[in-house]
């Protein structure tokens, strides 16, 4: 009998040792900590359960006698509620589906991540609503005529994009108030141009969205040109009305909605209305009358870019800025603030390329997809995708570029509950940024342990289990004042040795037994026992101080400390979990990892021999891969800046290969003082080879800065040079001749003076044979005064 009891106890001890060694749940002493320890952990709330450990997995709790109805465990769930396949647009009764699934049910457990796949495919023949918003001030009068002439071609262009399109038209000028106009020119702002035109107006809605192309052409033809004083227009005023007047414009929910804003001028922004005495902030409401006139032009200020951006996102509308070369730089800066829903295209002076811009802008919107969500702070959503095979592995991103019609792109969404909200049900919408395509996630939050919510201090069995010095709550004793310990059997003022020994046994691992002579050390010799609880020394942890503490570098944001081991969380690796698995930090602007000349370790590039640079782009000689990558962009910008050529493909050559983010560029005239200098050699219109230098700085895939040095590279004007040399030679020769003449005059004067001095001071010696050649005759005195006889 004794041997039988011995083997039974030994079996229990072995089971306990196995539980301690293999179970991540066993050391947790509350229901909340138990469920958080691991997804497999469960808590026994059975008051009749006699096993010391209440936090085990479900099967272990059943094995040790916990009633199945009293086991509370983590129960993450995922059910697809609506899962229609993606397909193209067929008819009004069979709309395109571009996102799959459409509705999902999730039950989330705190700190546990659930993974959901979202499939996206851009549909062919999807409806298109295109609204042309045109600047009709005096300088745009020819552009209106061009749009009228291109009416037939417009229908052909749009039908090549989709057969299901609609067109609308509106025009704008500016607020009809000083200083935007001259008061004396209010009725005819074109009088200064010796012409007659429409009085200035803010915005005029001419034609709601319609399938009738001829109605669109007639509407454009019937519109009238007006004028204003400055080169700043009220485009934002008009754009806000086009966005918020959904009923008047006729926007369709299922269509891809695009506004093309055509102008050759700059725009007024929020606050400029103060110049005209308008102080009331733009209310973002529709103020169109039955004739389509904007009635709030003199009542409300211009909207801000932030307000426009929010409305574009809210209403899923994209905008194309079709602008002329002199203002394109400003509109590119505006577009950079709302990249996902805007594009800038270069408009020719007469708008003759507007059809090409519509086709190009629409194509760019089609190729880019981006998803966002309205998840609350306590639910975290992370997106991963390979963009339909564009990358070898999944990357953390919520967008893709260069997605063609019919291509399928899969996004994997990792959903984690990080907090405990009051409300147990949430609805999250995952939306495509430019389409009314939504995946709705109905989220149920698993409630905290129910046994922790209601206590039963007077329950008879509960008080018995807790030595009548406390009560059971959630299967654990809650002791009254003066008592402590697992079963409230430890007085806070211990006095006798017997009780002290019993308390010390509570601080020993449960494998101790009276059948063994040697006892396990109290708190594993790594702490002190106080009323049945171990208080560990520094560098130790665990219920019995049996685990070494994790290193201080084990960041809890990146890893979990489990019994002395730093166990990395998803996305992290390394001894201290300080290395991010993602290679995003090693991706050079040209899309290559470490420029193909190194390896990515811990988010940084480790270069091969003879290579250096942040992305290993600089070789041993003069080779620099990023210089070669940036060269087309720099060449394009220099040609535009110097007037050689217009940079029409700016978005293609001046954006990163990985994220398609535009570069930030600036020009200087002084010499670049930097370790890295790249050379661009261009041929100007005169056939001369011109050298330009630039340097770059890349702070990440989305932050690229280019500093370009401009140099003067123009041919010599031969006519000016010849004229200058000739004039200089003439003036110089004149002064030289004048100087020589002056010197000769002075010399001659001196010689003549000396000659006269010699003449005056010399004695004249005449030869006797010398005869004076001069003969002198004197008239006789008698003949003086007498008339002369003319006949003699």
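Going from the start of the chain as shown, residues are counted 1 onward.
Using the three backbone atoms N, Cα and C, a Cβ is placed for every residue, glycine included.
Since we're looking at a predicted model, the values are computed, not measured.
The signal peptide annotation in TrEMBL covers 1-21.
The disulfide bond feature in TrEMBL is assigned to 31-41 (among others). Sequence-distant contacts of residue 41 (disulfide bond), defined by Cβ-Cβ distance under 8 angstroms and a gap of at least six in the same chain, are 24, 25, 28, 34, 35, 55, 56, 57, 73, 74.
Residues or ranges marked as disulfide bond in TrEMBL: 34-66 (among others).
Cβ environment of residue 44 (disulfide bond): 51, 54, 56, 61, 66, 70, 71, 475 lie under 8 Å away, each six or more residues apart in the same chain. What TrEMBL records for 44-55 (among others) is disulfide bond.
The feature domain 'VWFA' is assigned by TrEMBL to 129-265.
For residue 197 (disulfide bond), the count of additional Cβ atoms within 10 Å of its Cβ stands at 18 [all protein chains shown]. Here TrEMBL flags 190-197 (among others) as disulfide bond.
Taken from TrEMBL, the feature disulfide bond covers 245-286 (among others). For residue 245 (disulfide bond), the number of other Cβ atoms no farther than 10 Å from its own Cβ, over all displayed protein chains, is 21.
Among the features that TrEMBL reports, disulfide bond is placed at 490-507 (among others). A sphere of 10 angstroms centred on the C-beta of residue 490 (disulfide bond) encloses 23 other C-beta atoms.
Residues or ranges marked as disulfide bond in TrEMBL: 529-534 (among others).
What TrEMBL records for 563-594 (among others) is disulfide bond. Neighbour count (other Cβ atoms within 10 Å of the Cβ, all protein chains): 24 for residue 594 (disulfide bond).
The disulfide bond feature in TrEMBL is assigned to 579-586 (among others). Cβ-based neighbour count (10 Å, all protein chains) for residue 579 (disulfide bond) stands at 17.
A simple way to gauge crowding: the CB of residue 605 (disulfide bond) has 25 other CB atoms within 10 angstroms, across all the protein chains here. Among the features that TrEMBL reports, disulfide bond is placed at 600-605 (among others).
Feature annotation from TrEMBL assigns disulfide bond to 607-616 (among others). Around the Cβ of residue 616 (disulfide bond), 25 further Cβ atoms fall within 10 Å across all displayed protein chains.
Annotated disulfide bond per TrEMBL: 633-713 (among others), in sequence order. Here residue 713 (disulfide bond) comes close to 642, 684, 688, 690, 691: these same-chain residues lie at least six apart in sequence, with C-beta atoms under 8 angstroms from its C-beta.
Per TrEMBL, transmembrane segment is recorded for 718-744.
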Which of the listed disulfide-bonded residues (31, 607, 633) has the least company, meaning the fewest other Cβ atoms within 10 Å of its Cβ? 607
For the domain 'VWFA' (129-265), give the DSSP counts of helix residues, strand residues and coil residues. 53 helix, 33 strand, 51 coil
Nearest to residue 607 (disulfide bond) by C-alpha distance, among the disulfide-bonded residues 31, 190, 529, 534, 633, is 633
Between the Cα atoms of residue 594 (disulfide bond) and residue 529 (disulfide bond), find the distance and write it as a whole number of Å. 55
These are the disulfide-bonded residues: 507, 563. Which one scores highest on other Cβ atoms within 10 Å? 507
Which chain-mates of residue 600 (disulfide bond) that are at least 6 residues away have a CB under 8 A from its CB, listed by sequence? 583, 585, 586, 593, 594, 606
